[in-house]
Amino acid sequence: MYYFRSRIYGPNLIDVPVKPYMQLLFEEVLNPFYVFQVFSIILWSIDDYYVYAICIFILSIISISISLYETRKQSVILHNMARLVTNVTIRRNSGVEECVNSLELVPGDCLIIPQEGLLLPCDAALLAGECLVNESMLTGESLPVLKTPLLAGERKFSSESERRHTLFCGTQLIQAKGGGLRGDCAIAVVTSTGFFTAKGNLVSSILYPQPINFRFYRDAAIFLIILAAVIGTIYSIVVLFRAKVTVAQLVIRSLDIVTIVVPPALPAALTAGTIYAQNRLKRHGVFCISPPRINVFGKVSLCCFDKTGTLTEEGLDVWGVMEGGPTGFSELVPEPRLLLPGPMLSGLACCHTVTLLRGQTLGEPLELKMVESTGWTLQEPEGDGKVLDAEFGHHKVLAVMRPPAPHLQSISEAVAIVQRFPFSSALQRMSVVTVACEGRSAFAFIKGSPEMVVSLCRAETVPEHFSSKLHSFSSEGLRVLALGYKPLDSKLHVNATVFVHREEVEKDMQFLGLLMMKNLVKPESANVINTLRLAHLRSVMATGDNILTAVNVAKSCGMILSKEKVIFVNATPHTDESRPTLMFSLEDEEASGTQSSIITQSGFDYHLAIEGKSFASLCEHFPEYLPKVLMRATVFARMLPDQKTQLVKEFQKLNYRVSMCGDGANDCGALQAADVGVSLSEAEASVASTFTSKTENISCVPLLIREGRCSLVTSFSVFRYMALYSLIQFCSVLILYTMHTTLGDWQFLFFDLPLVTLLVFVMGKGGPSNELHPCRPPASLLSLPVLASIFLHTCMIFLGQLGALLITTSQDWYIPLNSTVFGKENLPNMENFSVFGLSGFQYIIIAVVVTKGYPHKKPLYYNGGLSKCAHCCHCGFSSYQHCITTPPSTRHTYFAL
């Protein structure tokens with residue numbers, strides 16, 4: 001059996017090949033830019049421009065060498081990161097445990113996970129025991145996650161829908177317990193190997209990243225093609241009218257003109273601003289794994305935020321607890337430890353996934369606060385766990401909750417957790433099965449969103465004023481959880497609870513009460529949202545929390561102003577008894593009938609709020625209203641992870657450039673679907689998103705937008721400068737060709753390398769503006785303002801150079817050149833010097849003119865590098881102009897050739 005499976009699946013290895021230098025060289029040389037460089041070098045050699053051709057050849061060799069080194073370095077790093085080979089213990093058909101190399105693992109193998117954990121080399125479904133897992137590599141989530149065994153059943157396994165029971169390749173298993181005969185390990189079955197694992201998908205996404213569909217880069221290519229075609233056509237027409245030009249000269253001169261259009265430094269120049277921005281972001285604790293995305297951030301028009309841990313504090317403080325039953329709610333108890341012993345107190349103490357690691361409690365912040373508020377202590381089995389198993393009727397104990405000392409003589413007694421059904425965002429709940437000492441009093445407890453818990457409780461146990469109480473607490477911005485319980489058959493045999501299905505446990509529950517927790521808005525959130533509002537950037541919230549709590553947070557952080565109304569959208573699906581409906585109701589008012597006109601009226605400022613179920617029904621049954629709702633919706637509550645992803649995609653269909661900011665855990669899909677994603681994590685890089693911020697608040701979002709706009713404006717400025725640099729040189733060459741002369745090799749070299757390259761690289765050093773401006777920078781190079789600017793500058797450049805030539809030829813001391821020869825044989829001459837002299841200043845002046853400052857960058861005088869460089873170039877070129885007018889010298893000889 002193993003033989004056939006190994007032939008089907010192959011070795012369990014994520015093998016990223018490290019290509020040899022010769023193969024990398026061949027692939028690099030085939031890059032269109034280097035193909036053009038080779039073509040240019042051959043052309044210049046044919047035309048005897050050896051000096052310039054040799055310099056470009058040397059620079060190309062250096063550039064290729066650096067590129068090969070960096071490419072191979074990154075390939076080696078990825079190879080080492082992807083390759084994971086270790087020894088593991090497995091159990092196959094014979095039932096005998098054996099130690100094998102992880103390369104031999106195939107789906108279906110039974111994997112034995114030791115108590116001390118391991119770095120997992122495959123994807124696996126947990127069958128027995130529990131595992132504490134660090135998944136920061138995949139999600140950016142810094143807190144360990146408790147994984148519980150997969151429930152028995154005939155449903156089809158899916159690693160996405162069963163994430164709380166799935167161990168992913170590449171994650172660090174910190175601790176395993178509760179499985180095996182001695183309870184000192186965990187047992188899992190291998191589900192995926194190699195590139196089919198979660199880590200394999202990650203490596204594939206790195207090797208084959210999603211292409212950036214950004215208009216700037218597309219327009220840049222089109223612009224260069226058009227520029228080359230126009231310049232080539234103009235020059236060919238001009239030269240064709242000159243009778244004494246041979247066909248060979250015409251071809252060479254025309255092709256030479258084309259090489260002017262694409263300067264050697266263009267690719268490096270376009271990335272300079274992005275690299276500067278990336279370095280500035282790194283100093284602020286923001287890390288980027290795809291630098292080109294920085295420019296995309298400059299065009300963001302909608303910012304989507306998660307709530308808990310993003311807009312609000314990760315930690316929660318218990319605000320109070322209120323027991324409820326058929327007779328109504330009891331008085332509010334500020335601290336759970338003050339509750340009388342009973343099911344409510346036991347439920348609060350036991351319904352969680354908190355675990356111990358080296359004596360320290362670990363778990364979700366909410367659950368840690370809840371357990372802490374009860375005063376109960378957590379104990380976990382040691383060794384084979386038989387001592388605790390015997391204490392609790394020989395059930396397989398996962399954890400024991402013991403009441404505080406003062407209560408030991410009261411009705412409260414220690415409770416053992418024998419089965420956990422972990423929290424699921426899709427189910428919006430979790431549950432546990434507990435037993436008391438000697439296996440007595442088996443109970444099931446459930447905790448989750450109030451709406452979900454109530455739907456699973458018997459109607460007669462739910463207080464009559466449940467909805468009004470929930471509305472009241474949620475409107476105050478409190479995080480509300482509901483609890484329920486039910487007795488189980490006390491005659492359950494040992495470990496029978498392991499085989500109880502979740503659906504059986506979580507039905508016909510009795511309502512216990514409500515737990516209210518205060519989730520404070522982070523101090524930075526309101527300022528950031530206000531900054532985005534003033535910059536005319538839209539902010540929306542997508543959360544899994546209650547809609548009233550979400551609306552309250554939206555008001556607290558300024559997404560919804562006090563003078564603005566909130567309209568709730570309620571869409572219901574088609575059922576056997578009713579047709580789908582779409583209703584709108586103002587906050588604090590009863591739902592109206594189906595009145596779609598409410599979302600188009602303009603009598604007052606309003607925001608729409610919608611829950612995940614209504615969003616799903618709206619997409620399915622009322623797609624014609626979806627764009628209208630999305631244009632005015634601000635709060636999206638009770639959203640499942642896949643619904644957040646769908647929401648981002650629907651906004652993108654409305655031509656929004658969407659940024660998503662979340663904690664990197666439940667928001668992975670949305671972070672990856674957004675144009676740019678920001679994960680708030682302590683890790684330097686997370687595959688969950690392009691950007692990772694160590695500052696765990698949303699203050700990084702305006703910073704990223706400012707840097708993105710700065711980088712985008714810099715890219716525009718650099719591209720315009722490189723285009724105008726080509727046009728300056730084209731005008732010079734065109735004018736001189738008509739005079740039977742040209743620029744010398746050293747003159748070309750001086751303009752292309754020292755002068756222009758230096759100016760280009762200091763142009764991008766200017767930092768972003770301190771404020772976000774309401775207007776966004778353009779993203780298209782083919783817009784009328786950009787093209788008109790380039791055209792007007794070109795006209796001024798051409799007229800300036802032509803004027804310099806005419807002034808020179810009109811002087812008494814003018815000496816005409818030899819009109820019987822063509823090209824560099826005519827050097828030196830006064831025509832060449834007049835055009836060369838003026839064009840040198842044009843290169844310097846244009847660099848200053850096209851460098852944008854306000855509103856997206858700091859003013860030009862803050863860019864000390866450009867100011868100093870332009871001043872030095874101006875002084876140096878002026879000194880050269882002075883020297884060139886004196887009797888011939890070495891410098892004169894160099895620049896005359």
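A Cβ is built for glycine as well, from the same backbone N, Cα and C atoms used for every other residue.
Keep in mind that what you see is a predicted model, and the values were worked out from it rather than measured.
Annotated transmembrane segment per TrEMBL: 21-43 (among others), in sequence order.
The transmembrane segment annotation in TrEMBL covers 49-69 (among others).
TrEMBL lists 86-205 with the feature domain 'P-type ATPase A'.
Per TrEMBL, the feature transmembrane segment maps to 220-243 (among others).
Per TrEMBL, transmembrane segment is recorded for 255-277 (among others).
Taken from TrEMBL, the feature transmembrane segment applies to 718-740 (among others).
Among the features that TrEMBL reports, transmembrane segment is placed at 746-764 (among others). Non-local neighbours of the transmembrane segment (746-764) in the same chain are 49, 51-52, 55, 59, 263-265, 268-269, 272-273, 275-276, 714, 717-718, 721-722, 725, 729, 832, 836, 839-840, 843-844, 847, 851, 863, 865-866, 869-870, 873, 877, 894-895, 897; each lies 6+ residues outside the stretch with a CB under 8 Å from one of its CB atoms.
Residues or ranges marked as transmembrane segment in TrEMBL: 784-807 (among others).
Residues or ranges marked as transmembrane segment by TrEMBL: 833-851 (among others).
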With DSSP helix as H/G/I and strand as E/B, how many residues of the domain 'P-type ATPase A' (86-205) fall in helix, strand and coil? 21 helix, 47 strand, 52 coil
Under an 8 Å Cβ to Cβ limit, what residues of the same chain, 6 or more beyond the ends of the transmembrane segment (784-807), are close to it? 716, 720, 723-724, 727-728, 731-732, 735, 739, 778, 831, 834-835, 837-839, 842, 846, 849
State the mean pLDDT for the domain 'P-type ATPase A' (86-205). 83
